[in-house]
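Per TrEMBL, these features apply:
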REGION    1-22  region 'Disordered'
TRANSMEM  99-121  transmembrane segment
DOMAIN    100-253  domain 'ArnT-like N-terminal'
TRANSMEM  127-144  transmembrane segment
TRANSMEM  151-171  transmembrane segment
TRANSMEM  191-215  transmembrane segment
TRANSMEM  235-254  transmembrane segment
DOMAIN    283-374  domain 'Protein O-mannosyl-transferase C-terminal four TM'
TRANSMEM  349-369  transmembrane segment
TRANSMEM  376-399  transmembrane segment
TRANSMEM  405-427  transmembrane segment
TRANSMEM  434-454  transmembrane segment
């Protein structure tokens with residue numbers, strides 16, 4: 001696919017006036033609201049089904065319940081606490097029920113779709129392209145299932161997508177220095193929140209440092225002033241996430257004796273009344289244990305897969321599979337026994353075309369030195385490459401040594417969506433209209449076909465086996 005100069009995304013508004021049009025146009029705000037409403041309409045029905053803990057909900061919902069009751073996790077801790085704090089809010093309001101432990105992931109999924117629309121508009125300058133990007137996220141199964149289950153990845157995706165939108169804003173307005181400084185603070189805190197949910201967001205700091213560093217270099221004059229501004233920018237983007245991350249352990253520090261970390265120390269050393277310094281030391285030691293856990297973890301199920309397989313969605317994660325009682329009229333079927341199955345499988349249209357679109361976006365970014373396309377490609381690389389290259393980079397802090405699962409890619413979906421919208425925008429005339437119509441039709445068809453597997457609807461075994469057969 002080639003992109004003519006006239007068909008590239010609209011130039012940043014800041015090239016004409018640095019303080020012009022900081023607010024989103026009304027039609028973009030309305031579009032984002034409509035996208036969020038559609039997300040609720042499609043994901044809310046059947047949210048409490050199944051009424052049992054599914055897959056890793058067993059760990060995260062349970063720890064959220066512990067936090068809602070005692071303020072800290074009381075079991076073994078292998079992830080930072082922030083996402084489980086948020087799960088605890090839903091559980092505190094609605095009780096330890098399916099609605100209680102899934103309402104926050106649902107709202108996080110709404111945020112992902114809405115903010116994708118905003119980020120796409122900031123990067124591409126087209127309301128229609130922004131709507132297309134939102135539709136892609138709305139109809140993808142990885143984003144869909146992660147937005148309906150008490151998993152960490154959907155919450156990580158919400159914070160990561162907000163950070164992407166903030167970066168998109170400053171890239172589209174590179175001369176607006178006051179805006180950039182506010183966005184710098186917000187980005188540092190948002191990335192800190194993402195990392196405080198799950199370490200997989202760590203590589204995104206590198207992208208933020210690169211973007212804000214380049215902008216600081218361009219707008220801070222020369223000589224010593226430039227070096228100072230660049231150093232301050234990098235230091236802040238390292239310090240702010242670190243400080244916020246540490247702050248999430250304050251409840252553990254205060255209620256140390258009740259926490260899983262404190263109980264582990266007590267059981268290991270019989271020292272059950274540690275002082276302040278010992279509490280800090282044990283929290284730090286727990287970070288090392290978490291790292292060792294993720295480096296040495298061997299999956300106990302068959303759904304761990306290669307990140308390369310995410311392109312074709314050939315190794316979906318079977319989150320739940322249960323037979324329906326023959327006496328249940330809701331599960332009745334004329335095609336033999338029925339089942340309820342929740343499968344974490346992406347919309348193949350999104351992943352196949354999205355991967356191609358990312359490659360095209362990278363080529364266009366390099367050919368035209370387009371920073372907006374470069375941000376999309378780099379963002380996707382930071383979220384995907386560590387999993388692809390894990391056999392090589394497993395010893396580095398930015399790369400996990402263990403296999404991943406396809407739902408780990410939840411935060412990647414907005415980048416795929418924006419890349420697809422960018423390539424569509426690069427077409428012109430009849431090709432653009434035809435490609436948009438065909439893509440929309442195939443996208444919706446794929447979502448409709450897979451919807452029963454995303455929501456756990458009762459369907460015949462033959463339908464599920466003919467559509468998708470995750471490994472047993």
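Note that the numbers count up from 1, one per residue, in the order the chain is shown.
Even glycines carry a Cβ here, placed using N, Cα and C.
All TrEMBL annotations are machine predictions without curation.
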- Message: So if I exclude everything within five residues of the ends of the transmembrane segment (405-427), which remaining residues of that chain have a CB under 8 angstroms from its CBs? That is, six or more out.
- Response: 1-4, 7-9, 112, 115-116, 119-120, 123-124, 126, 129-130, 132-134, 136-137, 140, 142-143, 145-146, 151, 153-154, 156-157, 160-161, 164, 194, 200-201, 303-305, 307, 309-310, 313, 315-317, 344-346, 350-351, 353-358, 360-361, 364, 373, 376-377, 379-380, 383-384, 387, 435-436, 439
- Message: Check the transmembrane segment (99-121) against the transmembrane segment (151-171) for contact, please; criterion is three or more CB pairs under 8 Å, pairs 6 or more apart in sequence.
- Response: yes
- Query: Does the chain bring the transmembrane segment (235-254) near the transmembrane segment (191-215), so that three or more CB pairs sit under 8 Å (pairs 6 or more apart in sequence)?
  - Reply: yes
- Query: Which one of these stretches, 127-144, 191-215, 349-369, 434-454, has the most C-beta pairs shorter than 8 Å to the transmembrane segment (151-171)?
  - Reply: 191-215
- Note on the structure: The average per-residue pLDDT within the domain 'Protein O-mannosyl-transferase C-terminal four TM' (283-374) comes out at 79
